[in-house]
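The annotation substrate binding site is assigned in Swiss-Prot to 168, 175, 176, 212, 221, 222, 223, 292, 293, 294, 324, 525. Swiss-Prot lists 326, 509 with the feature active site, proton donor/acceptor.
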């Protein structure tokens, strides 16, 4: 074993055991010999700002001490704490007293930090309420008002009110928010829709992209790019005109396509991959390659057992978090072994479908504004992406979309992500019909559709069903005329959520839907969360379409 030091300090060295036998892939080595497949990204200018450092950056060995000793059961707790004084003073005090015989780490943290509040956990539901009434009464509980930024806190202040998912998640999340907004619109909460629209536009203006969430430790990555879908929702519900967001959509697109023009064949830079035929497709990425602040110990342990350079594993874990599917067999070389994660080596079908929607939205809004050159440019970009997706990610033999491993030049696993091209109108009718058959036979259950057909212990795999996947499948199949399948998924999901609600009087993050009575979904790095933003949003929208279950 080799002892590898992480941020050693004069006072003490923290050592982590790392296997010397790195996992090597002949396909990857051959590609690396031919060309520098992944040039090192440059740091984004202006980030992080002086008050946007992550807790790991600020507290150095104190942060590692707290996280490595598991002072809090949830690794996210300490990064969400706010300091009671200048972090530098805290660090100096820590270095002075930590070697004292009577030093108590917990007491030190409690004396120098404000612990995060968990407001939604205090809510007690009324068992007499219908499912619809329960959701409508939860919106105020999950709403956070704009407040003055606590100096040096990891929470990024936003100008308007916003919805949080609930439980341990006390900040807003990018792609979660879109599915939450569906329910807000159905509940007549245009006020909150406007606030959230302004918040996301503000983040694009100030950070150049929409971060994973409004925490400093989320700034280095985004999440599935659904702002174009949000804009469409605002337009449909008369909340905000789509035209006002054209510049924001262009800025987000520039973030995802950064570096594309200079890429050679078989080369990747940040989110973009230049394929062997010259076409451009995208992958998930994080600009940092260190353990995530919010899952520090889990990441260190995963990397330790990987047999790979730790920074590679950390990057792939972070990119997996950026995907929203954290974690799934989609990103694993060996199903069931998180240490085999290779997120940055996969071209995801859902990401490229969302970017197709972004390109199409820019073209459509440019047409409304009379910007013909921009319209033509982005229609061509959308057409090119669609052709590349059909070439690399459509499995014609099996009639489904699949992710693509660009390093090995082979298709990856089938998952419910394959329905996103239907949701954004990217597929043709033959593809939609064939995909419907595959979803019916491999993912559909009496409780809804599962994330994948592979049981790995990860939360975005069998046996779990998730609200956003149900919504996109329902609407996607109905868009292509398969009302029967769309309605079946909708009724199955409403039955699942209502059955659990009648027993437990709450909605949760994910559900176990593979056989038997629907129950709490398992897997993942943290306990099951209730609340729950996007489940509430999707179910509230479905109740508006189908009535109470």
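Just so it is clear, glycine is given a Cβ too, placed from its N, Cα and C backbone atoms.
Because the structure is a prediction, the values reported are computed rather than measured.
What Swiss-Prot annotates, mapped onto the structure for a quick look.
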residue	record	DSSP (3 states)
168	substrate binding site	coil
176	substrate binding site	helix
221	substrate binding site	coil
293	substrate binding site	helix
324	substrate binding site	coil
509	active site, proton donor/acceptor	coil
For residue 176 (substrate binding site): intrachain residues, at least 6 apart, with Cβ closer than 8 Å:
165, 533, 534
Binding-site residues compared (168, 221) - highest count of Cβ atoms within 10 Å:
221
Measuring Cα to Cα, how many angstrom lie between residue 221 (substrate binding site) and residue 326 (active site, proton donor/acceptor)?
14
How many other Cβ atoms are found within 10 Å of the Cβ atom of residue 509 (active site, proton donor/acceptor), counting all protein chains shown?
26
Hey, how far is residue 326 (active site, proton donor/acceptor) from residue 509 (active site, proton donor/acceptor), Cα to Cα, in Å?
13
Compute the C-alpha separation of residue 168 (substrate binding site) from residue 509 (active site, proton donor/acceptor), stating it in Å without decimals.
11
Rank the recorded positions 293, 326 by the number of other Cβ atoms within 10 Å of each Cβ and report the first-ranked residue.
293
I'd like the Cβ neighbour count for residue 223 (substrate binding site), meaning other Cβ atoms within 10 Å of its Cβ, all protein chains included.
24
All-chain count of other Cβ atoms within 10 Å of residue 324 (substrate binding site):
23
To the nearest whole angstrom, state the Cα distance for the pair residue 324 (substrate binding site) and residue 509 (active site, proton donor/acceptor).
13
Could you round the CA separation between residue 223 (substrate binding site) and residue 509 (active site, proton donor/acceptor) to a whole angstrom and send it over?
17
